[in-house]
Amino acid sequence: MTHLELVPVPPVAQLAGVSQHYGKTVALNNITLDIPARCMVGLIGPDGVGKSSLLSLISGARVIEQGNVMVLGGDMRDPKHRRDVCPRIAWMPQGLGKNLYHTLSVYENVDFFARLFGHDKAEREVRINELLTSTGLAPFRDRPAGKLSGGMKQKLGLCCALIHDPELLILDEPTTGVDPLSRSQFWDLIDSIRQRQSNMSVLVATAYMEEAERFDWLVAMNAGEVLATGSAEELRQQTQSATLEEAFINLLPQAQRQAHQAVVIPPYQPENAEIAIEARDLTMRFGSFVAVDHVNFRIPRGEIFGFLGSNGCGKSTTMKMLTGLLPASEGEAWLFGQPVDPKDIDTRRRVGYMSQAFSLYNELTVRQNLELHARLFHIPEAEIPARVAEMSERFKLNDVEDILPESLPLGIRQRLSLAVAVIHRPEMLILDEPTSGVDPVARDMFWQLMVDLSRQDKVTIFISTHFMNEAERCDRISLMHAGKVLASGTPQELVEKRGAASLEEAFIAYLQEAAGQSNEAEAPPVVHDTTHAPRQGFSLRRLFSYSRREALELRRDPVRSTLALMGTVILMLIMGYGISMDVENLRFAVLDRDQTVSSQAWTLNLSGSRYFIEQPPLTSYDELDRRMRAGDITVAIEIPPNFGRDIARGTPVELGVWIDGAMPSRAETVKGYVQAMHQSWLQDVASRQSTPASQSGLMNIETRYRYNPDVKSLPAIVPAVIPLLLMMIPSMLSALSVVREKELGSIINLYVTPTTRSEFLLGKQLPYIALGMLNFFLLCGLSVFVFGVPHKGSFLTLTLAALLYIIIATGMGLLISTFMKSQIAAIFGTAIITLIPATQFSGMIDPVASLEGPGRWIGEVYPTSHFLTIARGTFSKALDLTDLWQLFIPLLIAIPLVMGLSILLLKKQEG
């Protein structure tokens, strides 16, 4: 890298007394630092030392807890300054593609960011074409970002960051997990851009010490504090160290580095050792994707064999196939001469496996973790205490035996995970990137433990890594890329074979050969006028940019869009037919102890009703009890002796009626039906026995039902289900759209771009309003053509009300999303908050006027109550806007209230 001469200009960022906490964890501890401008500044240190927290404060993505942060001449606590400098800062967060949208193409991702920064169509085309050409992504402009390699995602993220020509470029571990070739190309591209845009300041966090050698100025960090600053050469001179990693170790506090010892690796002596692991044409496919492509290797007992490659190249997949955790699609693998068989427990007991995530039980202490794994591997109970004590002593865990793993530093958790993996004394140890993110002292201690296991205990160690200095410690390594093994041998053999100066250069040469590339650097993008236009307060371009992006993602996610439509249809069918107040086809049986014409006439009168179905008669109380228990009948009727005679004499008669009371409301309805049928039969008998003169009365009253003459449930329930589903489904979808961004990390684009909270929420809301209206038309079609419930009133009135109601529903989803951080929580939270008021307090079953207390108040203010009345009014009563206009007023009031509250509660910075 060309080290640019430092020009005496004001610092690009100044921090004074900055502290940051996450719960009880101290991320930054009273940091005071001036970061020079117009140079490449690197923050170095392992994971968890505060690098990302520091960068997020400088970028404005995180709220400042304590202290002052000045960036580009202004205070980052000041919202106005943050808004003003936002177009001058670019932020590329940690994690490959974290700020990208994986269903969008390469072009669409860059275009989205260009729209956010206010570029018009012509300018966007020019800038995007230049960036894609300069980074070599032009041939892949139509490929979805999710299908790019790690290096290509890295370049795409850089394109998105550079689309607005920033003055400050912030890169948070941009090359972690990327292959050496992509890493080298990335930094060459950054160098070229800086040469053309001399006023650009670049701030980088990295865990690679070799990478940090290239930077102009370094900030060494540990435990949230700054250890030292200066160039790499200055840090080496200050600590009298040969390498930057050695300098970093010497800068650590005495208590932390006192246990450090240089790793000593005795030469490996094969001595005709047996083969511990052998793979022949091992292949793994996931659909059409080939994760591992015909891999071959042989590893003798006691060897440290390294798998070197970038994230996603197939290392972890290969290891899982070797341990039997994943069945191979093709090829064969052997452990100690036996074919790999997931069911062969004896062979698997000879293997220890340590995953990237360490696989510890956080609710158990260190000692309990060791004891549990000892029992899982069937170590005799009497031997467990001694074995646990041995592991604690060997891996230096005695002082933390009663502490939970999540409370331990990363390096100690790493040693505990290794102790757990070897507690059953395996003959082979498979380690999947065990040192990722660990500080150099802990990494060297871990390596010394591995070397002792290999050389003293003759344990075969198969380790994957993407650190070059670790690969050089292995007896042999295999260079892997895109599922294929490029070369195998000792590190020295691979370097000599390529005539390279280092293992990294050799790996790059192998990668170039595999890809058919040359060493020609990519052309840097043309630098445009970096004068940033004044930022607009509210931009429809940014709003519609989010709407367009959300619509594209929704269209390309068939599961989400299909469930949104088909889920509504299915729920409508289930609820329309499933929710019914109708009590019909009641099976009854009669215990007739009279057996006269009158008793038979009474029975025929009951069976002639559409509400009752007669079953074979009863003969005894025992049969009555048995058939009612079995659910064969719902109603049992006993007609007493002399029933007909008493009727003829006008003597009062009594019938015995047994009703299944498992459902009280249904039983009450059945009781009313039987009483009504009995009274009707008595009146009919009396009318036949009376004279014509006596039959005439002063008046004759008949009851008629308007709007629903047959008192059927469908005409009442179906129009009520429409508001219920239009509240639940659109609100869930809109809530998930925001929470999904929080989970994936792309919410960072809201924090660090000029987008306002209102632009973000309104932009995301529009596609779901359109989808909600489509759902509305589907539900109306089902109501009319499937359920046979005609719509008699003004459909325009119902459509207008539905539009307002869906705006409220999606707004409620956005409001709920401001409190939720996971999609599962968003689904449950939205379901509870929308379904309970809609079903219990909005008049779906019981009228709002019949409610009391808080339930009545909820029913009066909840939007579903008003839209449900409009839906029933237009469906059943043929009403229009002139009849229903007053019900629109609460809906119109609710929209600004819900949306205003959502915008107010949405955070523009991470808390």
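Positions of Cβ are set from backbone N, Cα and C atoms, glycine also.
Note on LYS51 (ATP 1 binding site): other Cβ atoms within 10 Å of its Cβ, all shown chains, come to 26. Here Swiss-Prot flags GLY45, PRO46, ASP47, GLY48, VAL49, GLY50, LYS51, SER52 as ATP 1 binding site.
For GLY309, SER310, ASN311, GLY312, CYS313, GLY314, LYS315, SER316, the entry in Swiss-Prot reads ATP 2 binding site, with the evidence type sequence analysis. Taking a C-beta cut-off of under 8 Å and a sequence gap of six or more, CYS313 (ATP 2 binding site) has these contacts in its own chain: ASP179, MET480, HIS481, ALA482, GLY483.
Annotation comment: Swiss-Prot describes 13-248 as domain 'ABC transporter 1', evidence class sequence analysis.
Looking at the domain 'ABC transporter 2' (277-507) alone, the prediction's average pLDDT is 84. Among the features that Swiss-Prot reports, domain 'ABC transporter 2' is placed at 277-507, with the record citing sequence analysis.
The domain 'ABC transmembrane type-2' annotation in Swiss-Prot covers 683-909.
What Swiss-Prot lists as transmembrane segment is 563-583 (among others), and the listing cites sequence analysis. Counting residues 6+ beyond its ends, the transmembrane segment (563-583) has Cβ neighbours under 8 Å at 611, 666, 669-670, 673, 712-714, 716-718, 721-722, 724-725, 729, 733, 771, 774-775, 778-779, 782-783, 786-787 in the same chain.
For 716-736 (among others), the entry in Swiss-Prot reads transmembrane segment, with the evidence type sequence analysis. Long-range contacts of the transmembrane segment (716-736) within the same chain, counting only residues at least 6 positions beyond its ends with a Cβ under 8 Å from a Cβ of the stretch, are 560, 564, 567-568, 571-572, 575-576, 579-581, 708, 764-765, 768-769, 771-772, 775-776, 779-780, 783, 787, 789, 802, 805-806, 809-814, 816-817, 820, 823, 826-827, 829-831, 834-835, 838-839, 842-844, 863-864, 867-868, 871-872, 875-876.
The annotation transmembrane segment is assigned in Swiss-Prot to 769-789 (among others).
Summarising the annotation, Swiss-Prot assigns transmembrane segment to 796-816 (among others). Panel annotation: around the transmembrane segment (796-816), residues 723, 726-728, 730-736, 738, 761, 764-765, 768-769, 772-773, 776, 780, 826, 829-830, 833-834, 863-864, 867, 870-871, 874-875, 879-881, 884, 887-888, 891-892, 894-895, 898-899, 901-902, 905-906 of the same chain, lying at least six beyond its termini, place a Cβ under 8 Å from a Cβ of the stretch.
Sequence annotations record features per position, and here Swiss-Prot assigns transmembrane segment to 824-844 (among others) based on sequence analysis. Here the transmembrane segment (824-844) has long-range neighbours at 720, 723-724, 727-728, 731-732, 735-736, 739, 809, 812-813, 816-817, 851, 855-856, 858-859, 862, 864-865, 868-869, meaning same-chain residues at least 6 beyond its ends whose C-beta is under 8 angstroms from one of its own.
Per Swiss-Prot, the feature transmembrane segment maps to 886-906 (among others). Beyond the ends of the transmembrane segment (886-906), by six or more residues, the same chain brings 757-758, 760-762, 800-801, 804-805, 807-808, 811-812, 814-815, 818-819, 861, 863, 866-867, 869-870 to within a C-beta distance below 8 angstroms of the stretch.
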List of residues, in chain order, with Cβ under 8 A from that of GLY45 (ATP 1 binding site) and at least 6 apart: LYS51, ALA207, ALA220, MET221, ASN222, PHE248, ASP439
DSSP three-state assignment (helix, strand or coil) for SER316 (ATP 2 binding site): helix
Intrachain residues whose Cβ lies under 8 Å of the transmembrane segment (769-789), provided they are six or more past its termini: 551, 554, 561, 564-565, 568-569, 572-573, 576, 714-715, 718-719, 721-722, 725-726, 729-730, 733, 795, 798-799, 802-803, 806-807, 809-810, 875
Cβ packing number for VAL49 (ATP 1 binding site), 10 Å threshold: 25
Least Cβ-crowded entry, counting other Cβ within 10 Å, from the binding-site residues listed as GLY50, GLY309, GLY312, GLY314: GLY312
Protein Cβ atoms within 10 Å of ASP47 (ATP 1 binding site), excluding its own: 15
Same-chain residues at least 6 apart in sequence whose Cβ lies under 8 Å from LYS315 (ATP 2 binding site): PHE307, GLY309, ASP432, GLU433, SER464, MET480
Other residues, Cβ within 8 Å of GLY45, PRO46, ASP47, GLY48, VAL49, GLY50, LYS51, SER52 Cβ centroid (ATP 1 site): ALA205, ALA207, MET221
Candidate binding-site residues PRO46, GLY48, GLY50, pick with smallest Cα gap to GLY314 (ATP 2 binding site): PRO46
SER316 (ATP 2 binding site) to GLY50 (ATP 1 binding site) - Cα separation in whole Å: 28
DSSP-derived class (H/G/I helix, E/B strand, else coil) of VAL49 (ATP 1 binding site): coil
